[in-house]
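What follows is one structure encoded as structure tokens, with my remarks underneath.
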Amino acid sequence: MAGCGTTGIPGGGTTTSPSSSPVPLTGRYVAMGSSFAAGSGTGPDIGSGCQRAADNYPHVVAKRFGLNLVDVTCAGATIANLFDTPQDGRPAQLDAVTPDTRLVTITAGGNDLDYSAAIQRCMEAARASKPCPGLPAATDLGQAAVALHSGLVRLIGALRADAPDARIYILGYPRIFPDPPATCTDNIISAADTGRLTSIGLVLDATLRRSAADTDVSFVDVYTASVGHDVCASSTDRWLNGSDTYGIYYHPNATGVARVADLLAEALEHRESGQPS
């Protein structure tokens, strides 16, 4: 069973650290997730249409720890695509997990809550000087969050059955927009719509935290670490592309990808030393 750090979970309790001594991390590492895991837009696509970059956080961490990486991350993936539903002819990502897998990382859920698509719609509307269309109602967002939680619980159960010795880490998403909501050179979306989009991001983060707590797996708090590094931060501090920068809009830039890799590596190093992660 994967070990966890002690982490406060809004509405979801806390995770706890394992009592047994840590086992050295070696062997097969399966990286699962969507574009925020794939590093989409930070380099040439090595994933046959998945917008998977060679320097995404799974590759950086695998190299740092000497792990045998199987990277099945893919832009546009939902939890269903991770669990049991093929994506554009590709097998479900869970198929890559074998009994000898020792590490699994997951960054997914944004597509289940229509997060990236909503940001894209708002950006396109702002460019046309129109209000943002089609933001999910609170009821719909709540239902989507419940479904995401259920899907993650099922996925974690399947991972434990398929790879009982694997450590499992859910990584959160970065905070994309500034607080308080504002427009800037790299965010043309109105402050009002930015605030509504931030609400989706907060629901996503809370759902991922709760899912990690309820399944007793480790959670890497990318959201808190990224505060102050949003699309309106200075060029030296920004972890994300905005509406007028190179790369995929409102997705991690090369700096953001590297910082997420550092956060995961720190969690793994703490687990290696027997400290809470």
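Backbone N, Cα and C atoms are what each Cβ position is placed from, and that goes for glycine too.
Taken from TrEMBL, the feature region 'Disordered' applies to 1-25.
Taken from TrEMBL, the feature compositional bias 'Gly residues' covers 1-14.
Annotation comment: TrEMBL describes 15-25 as compositional bias 'Low complexity'.
The average pLDDT for the domain 'SGNH hydrolase-type esterase' (31-258) in the predicted structure is 95. If you look up TrEMBL, you'll see 31-258 marked as domain 'SGNH hydrolase-type esterase'.
Just so you know, the Cβ of SER35 (active site, nucleophile) picks up 26 other Cβ atoms within 10 Å once every protein chain is counted. According to TrEMBL, the active site, nucleophile annotation covers SER35.
Around the Cβ of CYS74 (disulfide bond), the number of neighbouring Cβ atoms within 10 Å comes to 26. Look at CYS74 (disulfide bond): DSSP puts it in coil. Taken from TrEMBL, the feature disulfide bond covers CYS50-CYS74 (among others).
Cβ neighbours of CYS122 (disulfide bond) (same chain, under 8 Å, six or more residues apart in sequence): CYS132, LEU135, ILE189, ASP193, LEU197. Annotated disulfide bond per TrEMBL: CYS122-CYS132 (among others), in sequence order.
DSSP assigns HIS251 (active site) to coil in the three-state reduction, outside any helix or strand. Within 10 Å of the Cβ of HIS251 (active site) there are 25 other Cβ atoms, across all protein chains. TrEMBL lists HIS251 with the feature active site.
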Practice prompt. Please tell me which one of the recorded positions listed here (SER35, CYS50, CYS74) sits closest to HIS251 (active site), measuring Cα to Cα?
Written response: SER35
Discussion item. Neighbour count, 10 Å Cβ-Cβ cut-off, for CYS132 (disulfide bond): what number do you get?
Written reply: 20
Worksheet, complete the sentence: If you count the other CB atoms within 10 A of the CB of CYS50 (disulfide bond), including all protein chains displayed, you should get 22
